[in-house]
Every structure is written in structure tokens, then in C-alpha cells.
Amino acid sequence: MAIERTFSIIKPNAVAKNVIGSIFARFEAAGFKIVGTKMLHLTVEQARGFYAEHDGKPFFDGLVEFMTSGPILVSVLESENAVQRHRDLLGATNPANALAGTLRADYADSLTENGTHGSDSLESAQREIAFFFGEGEVCPRTR
């Protein structure tokens, strides 16, 4: 199976809970290599651009407000079948439906404040990585 890259966000509520290290430890324990990461505070324009596919939906303004409410940590993860394995680790988008032991079951506060984001396809991962990371900011792990 080929090595894939996926995109991950630790959202403002999880950053505020000071669980970044715990989440990274779980990524690594699951076999992911962290090949790019940065902390930033999204502007309204960045949040609206990143979530543009949801523009016009009832939850869009609340999502933008939440995602600009504090710092986030964006990361690129690498492993075999990375997109699906990462989504499995995150758990259901709605934390009420997330299985015990998933990140959302452990760190989410609500459907909007669900602690984490993960790409839903390889195409989304490529687009989302390019949104936040420029040339040379992702370092492949070869060991």
C-alpha cells in the first residue's frame, strides 16, 4: 500500500484544553509521521476561504466564528492509507456518535467545537495542505 498524506487541524477548543501533546502522541502511536505543522490564528477571510464549500449553509457563520476564536494547529500526517486511518482515529464528526477512544469522543465539546478536523479524501487533503503549507514547508520522513 502506498504512503499517503492527510491534513489535520487541532481546533481552538482542543488547543485551549492544552491537549496538543496528547493528540500528537496518539497520532504517533497510531503510526503517523508528522511531516509538517504550524500554529496560527485564522483570520475571518482565511476561515471563510478554507470552509468555502460550506458557505450558505446554516452553520457556516458559527463555524467561521469558532475557527477564528483562538489558535489552531495545522498538520500534515503521513502513513499508509492516511486519510481513512486518520478519520477513524478522529471518530464521527458529531461527538455524540463518536466511538469511545476516538479523539472526538475524548476532546470534543459539541458538533461545531469537535476538537479536530481531518481531510475526507486524498483530493481534499491535497487542497487543504496547499491552503496552509507552501513549497518546502512539508518535510517527508524517510526513516
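Any Cβ shown, glycine's included, is placed from N, Cα and C.
Given the structure is predicted, the values throughout are model-derived calculations rather than measurements.
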For the ATP site that Swiss-Prot lists with K11, F59, R87, T93, N114, give the additional residue from the candidates R5, R104.
R104
Distance, H117 (active site, pros-phosphohistidine intermediate) to K11 (ATP binding site) (CA atoms, angstrom):
7
For the binding-site residues T93, N114, the one whose C-beta sees the most other C-beta atoms within 10 angstroms:
N114
Roughly how many Å lie between the Cα atoms of H117 (active site, pros-phosphohistidine intermediate) and T93 (ATP binding site), rounded to a whole value?
8
Under 8 Å by Cβ from R87 (ATP binding site), counting only residues of that chain that are 6 or more apart:
G118, D120
Max pairwise CA distance, angstrom, over record-listed ATP binders K11, F59, R87, T93, R104, N114:
21
